[in-house]
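Novice: When I checked TrEMBL for this same protein, it listed these features:
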- A:4-350: domain 'Isopropylmalate dehydrogenase-like' (DOMAIN)
- A:76-89, A:279-291: NAD(+) binding site (BINDING)
- A:R96, A:R106, A:R134, A:D221: substrate binding site (BINDING)
- A:Y141: site 'Important for catalysis' (SITE)
- A:K189: site 'Important for catalysis' (SITE)
- A:D221, A:D245, A:D249: Mg(2+) binding site (BINDING)
Protein chains: 2
Amino acid sequence: MEKRIILLPGDGIGKEILEAAVKVLHVVEEKFNHRFVYETHAIGGNAIDRFGVPLTDETVNACKNADAVLLGAVGGPKWDNVPADIRPEKGLLKIRKELGLFANLRPIKAFASLLHASPLKEHIIKDSDILIVRELTSGIYFGKPSERRENGKVVVDTLYYERYEIERIVDKAFQFARMRKKKLTSVDKANVLESSRVWREIVNEKSSLYPDVEVEHLLVDAASMKLITNPSQFDVLVTENMFGDILSDEASVLTGSLGMLPSASIRSDQFGLYEPIHGSAPDIAGKGMANPIGMILSAALMLRFSFVMEEEASAIEAAVNETLSDGYHTADLQIENGTKLSTNEITEVITEKLQSTITGKKFSNV
Amino acid sequence: MEKRIILLPGDGIGKEILEAAVKVLHVVEEKFNHRFVYETHAIGGNAIDRFGVPLTDETVNACKNADAVLLGAVGGPKWDNVPADIRPEKGLLKIRKELGLFANLRPIKAFASLLHASPLKEHIIKDSDILIVRELTSGIYFGKPSERRENGKVVVDTLYYERYEIERIVDKAFQFARMRKKKLTSVDKANVLESSRVWREIVNEKSSLYPDVEVEHLLVDAASMKLITNPSQFDVLVTENMFGDILSDEASVLTGSLGMLPSASIRSDQFGLYEPIHGSAPDIAGKGMANPIGMILSAALMLRFSFVMEEEASAIEAAVNETLSDGYHTADLQIENGTKLSTNEITEVITEKLQSTITGKKFSNV
Ligand SMILES: [Mg+2]
Ligand SMILES: [Mg+2]
């Protein structure tokens, strides 16, 4: 299969980790007989340096004509003093908006060899494997009016949703639940908010289209507790923008490996933008120390969600897991009796594992 | 000092735990030379049984004429089928509203002898001592419009605040910070919400009135992470209603002793309503098994916040701590090599500890 991928390295360690991910994808191409065509464009601080804006129309158009986008990270102290409307982060917000990416996906999975780094007791976090599906382009972060009134005596923000915006994200979540353990937890505040009552109704309506998926409703305050006391009870968790912002960040620290978590921003067709949730880490940029795993796992998500290459995605994840289990790690992690490697070295180990995992199995399309 | 206290036992275990708290208060009266006058009224399910509504005007008026209110818990399966507008919980919402209690306080403190029950690793939760101050009577849970539009195609909720509502809760939080470690963390989403920008401005304005208090601003998503990764960095955390709902529930599970956490709902004068955060536990009601500690610690909060009896409040807290350290516990807890006691027995131990703590110290007013 041929796929066109836009690479947006961005700033700081973005370039190094994206190169690592491409090396891993080369093995997938070879072994599974795919062809990935890459095109690199600027975003963030380096786009400001070159073009005066964090995102050019050219980059946007290139993304629109591609099958998927891989993004490193943006920002850094170098651009602390640029005007607010052209800050590096604005490039990120703009590209999500221009591409209509309404669903943010955050898989949270504990790595067995890193449980010691979790703030939770190991028996609690151990078997957790959660996919958080967050609505990303509507709700109170975008609703109007959002203003001061009566000379500043009053202030309002508006939580605004259109029915179709809820329907499409709920549909996505049901589809993911179907690809996983077939359990969907919908989080709302239906005992208080009208928008949450509509949300819950839509989940219940859609539920009849996915009779094989078990549905549970949970209030957002209860969800914030259960993520801590019983994270392994979740499979897919779907929620609106603001609740998703809070809960996905809460969930991201549970495993203790925040620096290695991937994410995806997608829409109703198969197009998506994939990026690690960590930042651009300008302090270690160019030193060969960066941990490329969040980026590599983001590439795996791209294979799974945009290219429907589940076998390929799983093979990458297995190679990463095995690498960590063998005690290989980068400078940001600690594994007892482990081996500390550079960005290139750990990428090498992962690609080797991937080679042998794939060769060791019988894949229909090899 | 003479104080009039309204007792609202409510349903389930409410009566037992409130009796326990009153026994503890009797020791305080005696030893510190105070006089507490009690009056008991109905609320919740038992009020429905007797008067057809979960809260009568008579109860409201009695509360209005008192110095403070102690509440047990409301609700139970017996009232599952009463009409929505007279459910037991409505009694609770109504009394908070009638009394103008705009600030909800939740102290979260880990008990050394119960750290094993925390979902967090012990070294992370160990020194935590947080006071969450949540705005309780405004924000998106009360804002209008909250409605469907265009035949259900659109739905909106409104996050509405008046300046004075933010000012008074922020003032309260600064005052509490002053009574504690002088650090205030204000939580908002000022990078997105206009109401949060006003909130942050008001915190910064008020800050000049409390130069001895260190102020930190934290975005709500970052706060949801830090509560887990570094809970001991917080002292007083103040936030608006919905963020407070989510974060205070998240924080309540961190110590592993949710069943023992007290709470207060107060206003600008010294009046307040005090209740444990746990429910009415109808399954164990009347069996002498209930854990009265959440209620007893709520009574201690009443002494601290409504009666400005810090020494008395601390003495109760010390007695509870010592009781747990000695391994005494109720059926809901487990302490290795500990002694399981009934509601009455553990209350007895706590009152004895309180007696001897007080007698052992020199208090100015004994
Ligand atoms: Mg966030
Ligand atoms: Mg709550």
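Each residue's number is its place along the chain shown, starting with 1.
From the backbone N, Cα and C atoms, a Cβ is placed for every residue, glycine too.
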Novice: Considering only the recorded positions A:P88, A:Y141, A:D221, A:D249, A:A285, A:M289, which possess a Cβ situated under 6 angstroms from at least one atom of ligand 2?
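Specialist: Listed by sequence, the hits are A:D221.
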Novice: Ligand 1: which of the binding-site residues A:G76, A:D245, A:D249 have a Cβ closer than 6 angstroms to it?
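Specialist: So the answer is A:D245, A:D249.
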Novice: Here the binding-site residues are A:A84, A:A281, A:A285, A:M289; which one has the lowest number of other Cβ atoms no more than 10 Å from its Cβ?
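Specialist: Each of the binding-site residues A:A84, A:A281, A:A285, A:M289 was scored by Cβ atoms within 10 Å; lowest is A:A84.
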Novice: Which ones, out of the binding-site residues A:P88, A:R96, A:M289, lie near enough to chain B that their C-beta is under 8 angstroms from one of its C-beta atoms?
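Specialist: In terms of proximity to chain B, the binding-site residues that count are none, since no Cβ is under 8 Å.
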Novice: Taking just the CA atoms, what is the gap between A:R134 (substrate binding site) and A:D80 (NAD(+) binding site) in Å?
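Specialist: Rounded to the nearest whole number, the Cα-Cα distance is 29 Å.
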Novice: DSSP secondary structure for A:R106 (substrate binding site), reduced to helix/strand/coil, please.
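Specialist: DSSP assigns A:R106 (substrate binding site) to strand.
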Novice: Would you mind pulling the DSSP three-state label for A:D249 (Mg(2+) binding site)?
Specialist: helix
Novice: For the domain 'Isopropylmalate dehydrogenase-like' (A:4-350), what is the mean per-residue pLDDT, to the nearest integer?
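Specialist: For the domain 'Isopropylmalate dehydrogenase-like' (A:4-350), the model's average pLDDT rounds to 96.
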Novice: A 10 Å Cβ contact count, applied to the recorded positions A:R96, A:R106, A:R134, A:K189: which residue has the minimum?
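Specialist: Each of the recorded positions A:R96, A:R106, A:R134, A:K189 was scored by Cβ atoms within 10 Å; lowest is A:R96.
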Novice: Out of A:P88, A:R106, A:D221, A:A285, A:M289, which of these binding-site residues is nearest A:D249 (Mg(2+) binding site) by C-alpha distance?
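Specialist: So, spelling it out, the nearest of the binding-site residues is A:R106.
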Novice: May I ask which of the recorded positions A:R106, A:K189, A:D221, A:D245 is closest to A:M289 (NAD(+) binding site) if we compare their C-alpha atoms?
Specialist: A:R106
Novice: Looking only at Cβ atoms, how many others are within 10 Å of the one on A:D249 (Mg(2+) binding site)?
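Specialist: Other Cβ atoms within 10 Å of A:D249 (Mg(2+) binding site): 22.
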Novice: Pop the Cα-Cα gap between A:R96 (substrate binding site) and A:D80 (NAD(+) binding site) into the table, whole Å please.
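Specialist: One finds 22 Å between the Cα atoms of these residues.
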